[in-house]
Amino acid sequence: MKASLPMSNSSTVATDNRKRVLQFLGKHGILLAFLLCMMIFSLTTDRFLSTGNLLTVLMQVSILGTIALGVTFVVIGGNLDLSVGSLLSFATVLVVDLHDKVGPTQAIVLTIVFTLIIGAINGTLVGYLKLNSLIVTLGMLSAIQGITLIYTSGQNVDIQDQENTWFAFFGREAIFGIPVPAIIFIGLAIILQVVLLKTAFGRKVFAIGGNGVAAAFSGIYRNRMVFSTYLLSAFTTACAAIILGSRVMGSQNNVGQGYELQVLAGVILGGTSLLGGSGSIMRTVIGILILGFIQNGLLLLGYPYYAQWLVTWVVIILAVWLDIAAKRGRLLNDF
Amino acid sequence: MTAQSSLNTQTGDTPLLQLKGVSKSFPGVKALDNVDLDVNAGEVHALLGENGAGKSTLMKVLAGIYHPDEGEIRIEGTPVRMQKPMDAKHMGVLLIHQELSLVPDLSVAENVFLGSLPKRSGLFVNNRELHERCGAILKRLNCRFKSNIPVKHLSVANQQMVEIARALVFTPKVVIFDEPTASLTDYEKVVLFEVIRELKSQGTGIVYISHRMDEIFELSDRITVLRDGQYRGTFATRDTDEEEVTKRMIGRDLESLAEVESPEPGERIIEVHQLGIEGEFRDISFDVHAGEVVGMYGLVGAGRTQVVETLFGIRKPERGTIRIRDELVHLSSPADAIEHGLALVPENRKEQGLVLGMNCRDNTSLPNLAEYTRMGWIDTAKETEVFERYQEQLQIKTPGWYQATLNLSGGNQQKVVIGKWLSTQPSVLILDEPTRGIDVGSKAEIHQLIRDLAKSGLAVIVVSSEMPEILTVSDRILALYNGTLTRVFKRAEITEDDLIRAITGQSADAASEPVASGA
Amino acid sequence: MHAFIQSVKRQPIWLFIIACIIFFSFSNEYFFAVNNFQNILVQTSTIGLIALGMTFVMINGNIDLSVGSTVALAASLAVGLQGALGIPMAVVIGLGAGVLIGAINGLIVWKTGVDAFIVTLGAMIGVRGLVFVYTEEQSFYASNFAYSDFGMSSIFSLPVLALIFIALTIVAHILLKYTLHGRNVYAVGGNRKAAIEAGIKVGPHMLINFMLIGFMAALSGILLSTQMGASTPNLGRDYELWTITAVVLGGTRLNGGAGTIIGTLGGVLAIGILRNGMNLMQVPSFYVLVIMGSILITVLFLDKRLNVTASKGVQI
Amino acid sequence: MSHNRPNPSHKTLASTALKSVVASFTVAALSMGVAQAEDRLRIGITQNNVGVDSYQTTYETAFKEAAAQRDDVATVVLDAGGDVARQIAQMQDLIQQNVDAIIIWPTNGQAVVPVVRQAHNAGIPVVVTNSNIAEAGQDFIASFSGPNNILQGQYSAEMMCDQLGGEGQIVQITGQPGYTTAIERQKGFEDRLAEICPDVDLMESQPGDWNREKAQRVMEGFLTKYDTIDGVYSGDDNMGVGALNAAKAAGRADEIKFFGATNFAVGYEAMERGEYHGSVYQSPAEDARNALQTAIDVANGEDVPKLNYFDTPKITQDNMSEFEKPVF
C-alpha cells in the first residue's frame with residue numbers, strides 16, 4: 001500500500017474503500033471480465049464449453065493474436081502500428097506464391113526477411129526520423145497494400161497440390177489434439193511475455209514508453225529500441241501470415257484488411273495503455289480471447305455476426321474506463 | 001516570533017492583503033509554519049528566502065492554488081476563503097508564474113483576455129474591442145509589439161509582458177511577481193521595473209518574490225524574510241542593508257564555512273578544454289580531481305546545464321576537447337559517457353531522472369542493465385540486492401523496491417536517482433540542481449552525502465543556482481555568466497559579492513575581459 | 001494579394017496543389033476544364049465535410065475514428081425512412097443520429113477521461129454494428145427520384161454539393177476564427193492547463209466539437225447517398241483514415257493547438273486533385289495507393305524538417 | 001542569451017523541395033505518352049474491385065487484350081476498388097471525357113442507378129457487365145452482358161437436390177452483402193430448392209464476402225453448431241474451397257457435398273480429387289469479350305438484346321473432363 005497520505009478534510013472510510021475496490025478492479029478487472037463472459041455464454045449455449053469449440057476459437061483468434069503480440073511491444077514503447085493489416089496481406093501472398101516457386105522452406109525464410117525489411121522502414125521513419133507513428137503507419141498501410149497488388153498484379157495466389165506439402169503443418173495439423181496455430185500463438189505469447197518481463201530488452205521497452213527522455217538520459221539508445229519494436233511487430237505479422245497461408249493454402253490481396261484496428265482493440269482491451277510504458281503480453285492475449293469468445297458465443301446463440309460489434313464497443317470502453325478510474329481513484333472526471 | 005506587528009501597520013489604514021498565522025504542510029515536511037504577511041496599497045513588498053524556504057508555497061496559498069491548513073487570509077480586512085485560482089483573480093489577487101502559461105498559437109490579445117474574450121451578439125468575439133482594450137494595456141506597459149501576432153513569435157521577455165498584461169485585465173488590487181527577471185536581459189529588467197513602479201503609483205500592492213539582493217534593494221519598500229518555512233522578520237528597505245538581510249536569510253554566518261578544510265585533491269580525472277557550442281556556451285575550460293567537489297554557479301540561462309549535458313554526451317560539442325584521465329574522448333551518447341565512468345543526476349528528476357511508472361529497483365538498475373543480465377536474462381535477485389544496499393546507504397523512505405517512484409516524496413525520488421547513478425560506480429558524478437524543490441531536511445542529507453562521496457575518491461561536479469548550497473559543498477567554484485566562464489574561485493578566497501559580481505557579468509578585476517551583454 | 005502570399009507561404013500544401021494543377025493540366029487535356037473542377041469539388045466534398053469537423057476535434061487535441069460508421073448510419077436512416085416519413089423528416093433524423101453519436105463520444109471522453117482514440121475506435125466498431133442491425137445487411141434504395149436528382153442537380157451551373165461544401169467551409173472558417181468557441185478550441189488544444197486556470201470549461205467545448213463532427217459526418221453521408229440514390233451497409237469504410245490524412249496534410253498538428261480550415265481545405269483538395277488527375281492519366285489503382293501513402297509520409301517529413309527547430313547540438 | 005527567431009531561409013527550402021517532387025512527376029508522365037489519336041471509338045470501363053479475386057483480374061487482362069487486337073477502339077480502363085463513391089466519381093470523369101460508350105461492372109446494383117441515368121441523359125450509352133443493376137435502372141442502360149446469376153443459383157440447387165437424393169440438411173455461405181450477384185444467386189438457389197426439393201432443409205446462411213479465409217471461419221462455426229450437415233452451397237468456388245478446408249480439418253469432409261458457382265481453378269482441382277461436387281462454369285474472358293463487343297455495337301448505333309446472357313453450364317465431377325481447367 002502506498003505511504004498513507006494524510007487525507008484532506010473528508011477522509012471518510014467510504015472514499016478509502018471505493019479507492020481500494022477501484023484499484024482491485026483496475027488490476028484484475030480484465031480477468032474478471034473474461035471469466036464473466038465465459039460464464040454467460042456457457043450458461044446460455046450448451047455447445048460453448050465443449051473442448052472442440054474452445055479449441056476452434058483459440059485457432060481462429062491465433063492469427064489476430066499473434067500479430068497483437070508484436071503490436072503490444074510497439075504500444076508499450078509509446079507508438080502505434082496501423083500497417084499490420086496490409087503487411088499481413090503482403091506476407092501471406094508472398095509465402096503462398098513463393099511456396100510453389102522455391103519450395104516451402106525458402107518461401108518461409110524469404111517471407112520473414114521481406115516482412116522484416118518493411119518493418120525496418122517503419123522503424124526508421126518512426127525511430128530514427130522521429131515522425132508521428134500514427135500517420136507514418138497509416139501511410140504505410142496504403143503503400144504496402146499497393147505493393148502487394150503490384151506484386152500479384154491483382155491475381156489470387158494458390159498452392160497447387162495442397163495435399164502432400166509439409167507446409168500444411170502450420171495451419172491444419174494438431175499435436176495432442178491442440179491445433180498448431182493455437183500452439184504457435186500461445187507458445188510465442190509465453191516466450192514474448194518472458195522477454196518483456198525478464199530480459200533487458202523488455203525492461204528498456206517499458207523505459208522508452210514510460211519516459212523516453214529519462215530512458216535516453218539513462219544511456220538507452222531510444223531510436224534503436226523503437227526501431228526494434230517495429231521489427232518485432234513485423235516478425236509476429238510474418239508468423240501470423242505463415243499460419244494463415246498454411247490454413248487457407250491460398251491468399252487474396254486484401255486478406256488482412258481491417259486487422260490493424262482489431263489488433264489495437266485487443267491490445268487496448270487487455271489494458272495496455274496507448275500512452276506507453278505499461279501493459280503486458282498476457283493481458284493482450286486475454287483481450288484477444290475476449291474478442292474471439294464474444295464473436296463465437298454470439299454466433300452460437302444465433303445472433304448475426306455483426307451483433308458482436310455492438311458488444312465489443314461497450315466492452316472496450318468499459319475496460320479502459322475501469323483501468324483509468326483505478327489509477328485516478330475516482331470514477332468520473334470533475335473538470 | 002519576533003515583534004513583527006509594529007513594523008507592519010505603520011501606514012495605519014487596513015492592509016490590502018493580510019495573512020495571519022498561515023501554516024501548510026506536505027508529507028514529511030512543514031512548508032509554512034505560522035507565517036504572517038501583509039501588503040499595503042501602493043507598496044512593493046519583497047519576499048526573500050533561499051530556494052526551499054517556502055516562498056513558492058506561500059505564493060500559491062496567496063493565489064488560491066493551495067488551501068492553508070491553519071491561519072486566515074484577509075482582503076481589505078474581511079476574511080476570505082479561496083476555493084480555486086479563479087476566486088483569487090476575482091478578488092483582485094493576481095499571480096504571475098515564473099514558467100509562463102500562454103497559448104502559443106493564439107494572438108497576444110487573445111492570450112491577454114484568455115477565458116474572458118469580449119463578446120459580440122453572444123456568439124462572436126468582438127475583435128475590435130478586444131484589440132482596442134489590449135492595445136491600451138500594452139501602451140500602458142509601453143510594449144512596442146502589436147496585439148494581433150501569435151505569442152509564439154515573441155521573445156521570452158515580451159511573453160512575460162503579455163502575462164503581466166493579462167493580470168491587469170482584472171484591475172488587480174495585489175500583483176504577485178515570482179522570480180520575474182530570471183531570463184531577462186538588463187535592458188528588459190529596466191523596462192519591467194518601470195512597469196512595477198507604474199503599478200505601484202496607481203495604488204496596486206506588489207509582492208515581489210526573488211532571491212536577488214540587488215533587485216530587492218532597488219525596488220522594494222519593505223522586505224519580509226522566510227527561512228525553512230518560518231517567518232524571519234520584516235524590514236523597511238530604507239533602514240537595513242544586504243548584510244543584515246542575508247544573515248537573517250541564511251541564518252549562519254559566512255565565515256564558519258572557510259575553515260572546513262579542502263582535502264588534498266587526488267589524480268586529475270576529467271579535463272575540459274575550450275568547450276563550446278554556438279549560441280549556448282563558449283571556451284569553457286576546467287578540470288576536476290578525484291576527491292574534489294567543483295561547484296558551477298550562475299543565473300538561469302548562464303549555460304550551466306548545457307555544459308554538463310555536453311560532458312554527458314547528450315550534446316555534441318562544436319569546439320573544444322574532453323579528456324578523461326588524460327585520454328581524449330568523443331562522447332557520442334549517454335551510454336558512451338557511462339562507459340567512460342561519467343554519471344549525471346539531471347536537473348528535472350520527474351522528466352529526465354526517473355521513469356515514474358516503474359518501481360524503484362527497475363529505475364535504479366536502468367543505466368547499467370548489462371551488469372545484471374547474462375545472455376539477456378535479468379538477475380532480479382542481484383538487482384534487488386543492489387537497490388536495497390543504496391536504499392540503506394541513502395536512507396530512502398519507501399515500503400520496498402516494488403514501490404512505483406510515482407508515489408515517493410520529492411526528496412526520496414531524488415535519492416533514488418542518486419542511488420541509480422552511484423550503482424554505475426562512476427569516477428565522475430555530475431549533479432544538476434540536486435536539491436531543487438526538496439524539503440529542508442533531505443537537503444542537508446544530500447549535501448552531506450555529496451561531501452562523503454568526494455571523500456571516497458569521486459570527482460564531483462555540482463550545478464546549482466542556490467548560493468548557500470554552492471558554498472557548503474564546493475571546494476572550487478566556477479562562476480558562469482551568459483555562456484562564458486567568468487571566474488574560478490578557490491574555497492579560501494570566496495567572498496559573496498565577488499561571486500555575485502562574477503555571475504552578473506560585472507567582474508571587478510581586470511583579468512576577465514568585460515563581457516558584452518548578450519542580445 | 002500580400003495576405004494571400006503570406007498564408008500560402010505558411011501552408012506549403014497550397015504550393016503543392018498549384019504544382020499538381022500545372023502538372024496534370026499539361027499531361028492530360030481533360031484536366032483543366034471547369035466541369036472537371038466541379039467534379040473534383042463534388043468528389044472531395046464527402047471527405048471534405050468530415051475534415052472540417054475533424055479540424056475542430058484535432059486542434060482541440062482529440063481525434064474521431066467513428067466518422068466512417070456515422071456516414072453509413074446517417075445515409076441508411078435518410079434513405080431507409082424517407083418512404084415512410086418523407087425526405088425532409090428522414091434527413092433530419094439522419095442528421096440527428098450523427099449529432100447523437102457525437103454527443104455520446106463527447107460525453108464519454110469528457111466524463112470518463114478515456115482517450116478519444118479508444119472511445120471513437122469502439123464507436124467505429126459499434127456504430128457499424130448498428131448500421132448492419134438497422135439495414136439487416138441490405139442496401140437501401142431511394143424509390144423517389146427527387147432524392148437522387150438533388151444530388152446531381154446544379155444551381156446557376158454549380159453542382160449543389162459543391163456549393164454546400166464551399167458554404168460550410170466558409171461557415172467553419174468563421175466559426176473557428178471569429179467565435180468564442182473557436183478561440184477556446186485553440187486555447188484548450190494549445191495549453192490545457194492555462195485554459196483551465198483561465199476558467200475555460202474544457203469538457204463542454206469537447207462535447208460541442210464531437211457533436212459538430214457527428215453532424216458533419218452525417219451530412220456527408222446523406223449527401224453521398226443523394227449522389228447514389230441509395231445507401232449500402234459498408235459505406236464510409238476507411239473514411240476516417242483519409243479524413244485524418246487530409247487534415248494532417250493541411251498542417252493541423254496531431255497533439256493539438258495548431259491548424260486552420262484553409263489548411264484543411266488545401267489537404268482535402270490535394271487528395272482530390274491527385275486522385276482525379278491520376279484517374280484521368282489512367283495510373284493503375286495499385287500505384288495510386290503507393291503514391292498516396294508516400295506523399296503523406298513525405299509531407300510529414302518536410303513539415304518536421306521546417307517547423308521543429310531542435311535545440312542546438314542535442315544528439316539523443 | 002540566444003533568441004531563436006524563425007529563420008526566413010527555411011521557407012525557401014520548402015518550395016525548392018516541393019518543386020523537385022513535381023519535376024520528377026512530369027518526366028514520368030510524358031514518358032508514358034498518354035495522348036491518343038482521335039478517329040477511334042473511345043470506350044471507358046469502370047470495374048468493381050480488380051484486386052479482390054482472380055476472376056476480375058483475368059477479366060481485365062482479357063478485356064485489354066481484346067481491345068488491343070482491334071485498331072478502331074481506344075479504351076479507358078478504371079478500377080473502383082470496391083468503393084461505390086469512387087465508382088460514381090469515375091463515371092463522372094468518363095462522362096466528362098465524353099467517351100463513346102461506358103461499360104460498368106457495378107460495385108452495388110442500386111447505388112449506381114443515378115449516375116448511370118446521368119450518363120444516359122448525357123447521351124452516352126451504358127453497358128452493364130457481369131452483375132446487373134437494379135430494376136429502376138433498366139431503362140437507362142443499353143444492355144446487360146454477363147452471366148445469368150439467378151439461373152446459376154437454380155443450377156446449383158438442381159445439382160444439390162439430385163446429389164443429396166432429395167433430402168438432407170444444408171447450410172449456405174453467401175457473397176458480399178448488398179452485391180447484386182450475391183443477392184441473385186442466393187435468390188435463384190433458395191427459390192429453386194424450395195420448388196424441387198422441399199425436404200432439403202436450409203438451416204442457416206452467413207456471408208463469406210467472397211473471402212476464402214472468412215468462409216473457412218464461417219464453416220467452422222457451422223460445424224460446431226450442427227452435428228449433421230449434408231450439403232454446403234457457396235456463392236463462389238473461392239469460398240466453397242474455404243468451406244471444404246474447414247470440413248477436412250474437422251474430418252467431416254466426406255459426409256458433406258460441396259457446391260458453388262463461378263468455377264475457380266482450386267474448385268476444379270477439388271472436383272478432380274472428388275471432394276467438391278458441383279459448380280457453374282463461367283469464363284471471365286468470354287464475359288470481357290462479350291461486354292466489349294456489346295459496347296462497340298451500341299456505340300455504332302446497332303441495337304442489341306437488352307439482356308445478353310452468355311451460357312454458363314453446370315460442371316460436375318462427371319462432365320468436368322469436357323471443360324479445360326479455369327486459368328484463374
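Going from the start of the chain as shown, residues are counted 1 onward.
Cβ atoms are placed via backbone N, Cα and C, with glycine included.
Bear in mind that the values here come from a model prediction, so they are computed numbers and not experimental data.
Long-range contacts of the transmembrane segment (C:12-34) within the same chain: residues 249-251, 263, 266-267, 269-270, 273-274, 276-277, 280-281, 299, 302-303, 306, each at least 6 residues beyond the stretch ends and with a Cβ under 8 Å from a Cβ of the stretch. Taken from TrEMBL, the feature transmembrane segment covers C:12-34 (among others).
Taken from TrEMBL, the feature transmembrane segment covers C:40-59 (among others). Among residues of the same chain six or more beyond the transmembrane segment (C:40-59), those with a C-beta under 8 A of the stretch's C-beta atoms are 67, 71, 116, 159, 161-162, 164-166, 168-169, 172, 175-176, 182, 185-186, 189, 209-210, 212-217, 219-220, 223-224, 227, 239, 242-244, 246-247, 250, 252-254, 256-261, 264-265, 267-269, 271-273, 275-276.
Per TrEMBL, the feature transmembrane segment maps to C:66-85 (among others).
As annotated by TrEMBL, transmembrane segment applies to C:91-110 (among others).
Residues annotated as transmembrane segment in TrEMBL: C:117-135 (among others).
For C:155-176 (among others), the entry in TrEMBL reads transmembrane segment.
Annotation source TrEMBL lists transmembrane segment at C:206-224 (among others). Same-chain residues lying 6 or more positions outside the transmembrane segment (C:206-224) and placing a CB less than 8 Å from one of its CB atoms are 45-47, 49-50, 52-54, 56-57, 60, 62, 64, 66-68, 70-75, 78, 91, 94-95, 97-103, 105-107, 109-110, 151, 161, 164, 168, 181, 185, 188, 231, 235-236.
Residues or ranges marked as transmembrane segment in TrEMBL: C:244-274 (among others). For the transmembrane segment (C:244-274), the list of distant contacts is 7, 10-11, 13-14, 16-17, 20-21, 24, 40-41, 43-44, 47-48, 51-52, 54-55, 58-63, 169, 172-173, 176-177, 186, 188-191, 288, 291-292, 295-296, 299-300, 303: same-chain residues at least six beyond its ends, Cβ to Cβ under 8 Å.
Summarising the annotation, TrEMBL assigns transmembrane segment to C:286-302 (among others). Distant neighbours of the transmembrane segment (C:286-302): 12-13, 16, 245, 248-249, 271, 274-275, 278; these residues of the same chain sit at least 6 beyond its ends, with a Cβ under 8 Å from one of its Cβ atoms.
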Within the same chain, the residues 6 or more beyond the ends of the transmembrane segment (C:155-176) and with Cβ under 8 Å of it are 38, 41-42, 44-45, 48-49, 52-53, 55-56, 59, 182, 185, 216, 219, 223, 226-227, 260-262, 265
Within the same chain, the residues 6 or more beyond the ends of the transmembrane segment (C:66-85) and with Cβ under 8 Å of it are 46, 50, 53-54, 91, 93-95, 97-98, 101-102, 105, 120-121, 123-128, 130-131, 134-135, 140-144, 147, 213-214, 217-222, 224-225, 230-240, 243
